[in-house]
Amino acid sequence: MLLLAAASLVAFVLLLYMVSPLISPKPLALPGAHVVVTGGSSGIGKCIAIECYKQGAFITLVARNEDKLLQAKKEIEKHSINDKQVVLCISVDVSQDYSQVENVIKQAQEKLGPVDMLVNCAGMSLSGKFEDLEVSTFERLMSINYLGSVYPSRAVIATMKERRMGRVVFVSSQAGQLGLFGYTAYSSSKFALRGLAEALQMEVKPYNVYVTVAYPPDTDTPGFAKENQTKPLETRLISETTSVCKPEQVAKQIVKDAVQGNFNSSIGSDGYMLSSLTCGMAPVTSIMEGLQQVVTMGLFRTIALFYLGSFDSIVRRCMMQKAKLETVDKTA
């Protein structure tokens, strides 16, 4: 009887595995596609642009610094696979004025055609204890990390729905899946992208438009190096419990997931665990994905409790260390 039950379970899983591709989105063909990348002058954004260009896409790079844009353009063009490919550069702050963002998207579409894939990669990170952060820091991060993704997405979505095809990618962070010491401003702005993505996916899925939320870990980028200069000790020690990823590795995974129409894009085993653990009511791209989340949830929650205990221990040790230093200073 037990053997029969096991055989039935295996047969059921195999059936799901075979049926799953039939209900998954049709992959987006990148050769000849128009890909817009905000925050594309450096870091993950630039690497995403390179990865798409390698596969034959036409690229529109959007960022604030014109000099960095032109430098990135030269680097990306080295990876062309045919002489028809184009890299268009547009200098604009995507978080300030929606009408300006809408206009530059129209310009890009007039030159390179309708946008097939938008990658919202513009963002920044600032860390610090809640009471030490200025209120303006919360406003700034919400503007750049959240509205800086809302505006470009709003500018392309109508055309995608009309064409009944497209991809919209939101680059969040693992700090957009769990809140950590020092990230009260950053995490909240990245968590907001998850809610936006889930609601938007439900709206546009009937039009064959698919949304991807990427949750990269700490990545070796200029932004990460700058963030480390002011990162609280507790935040730095927690971050050091995992390794730093290369932006090329992160970009390759994001592009792969976006092309496939996957809602979640995670990097590495920790990323996979976090995405499964925090899936909530998020959409799934395949039956197998949903089944994996159901099966692994209990195990991953158990592992997560050990992680949380470790992080809390780091915070307590730092607190005790500071208290000792204060005592020494008072007695000196």
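Glycine is no exception: its Cβ is also placed from the backbone N, Cα and C atoms.
Features reported for this protein in Swiss-Prot:
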- Ser172: active site, proton donor (ACT_SITE)
- Tyr186: active site, proton acceptor (ACT_SITE)
- Lys190: active site, lowers pKa of active site Tyr (ACT_SITE)
- Gly39, Ser41, Ser42, Gly43, Arg64, Lys68, Asp93: NADPH binding site (BINDING)
- 39-43: motif 'GXSXG' (MOTIF)
- 26-269: topological domain 'Cytoplasmic' (TOPO_DOM)
- 314-331: topological domain 'Cytoplasmic' (TOPO_DOM)
- 270-290: transmembrane segment (TRANSMEM)
- 293-313: transmembrane segment (TRANSMEM)
Assuming the binding residues for NADPH are exactly those in the record, Gly39, Ser41, Ser42, Gly43, Arg64, Lys68, Asp93, what is the maximum CA-CA distance in angstrom, rounded? 17
Cβ neighbour count within 10 Å of Arg64 (NADPH binding site): 16
For Arg64 (NADPH binding site), the three-state DSSP class is coil
For the transmembrane segment (293-313), distant same-chain residues with Cβ under 8 A (at least six beyond the ends): 180-181, 238, 241, 273, 276-277, 279, 284
Short question: which residues 6 or more past the ends of the topological domain 'Cytoplasmic' (314-331) have a Cβ under 8 Å from it? 181, 233-234, 237-238
Mind giving me a neighbour count for Tyr186 (active site, proton acceptor)? Other Cβ atoms within 10 Å of its Cβ, every protein chain shown. 27
Rank the recorded positions Ser42, Ser172 by the number of other Cβ atoms within 10 Å of each Cβ, and give the residue at the low end. Ser42
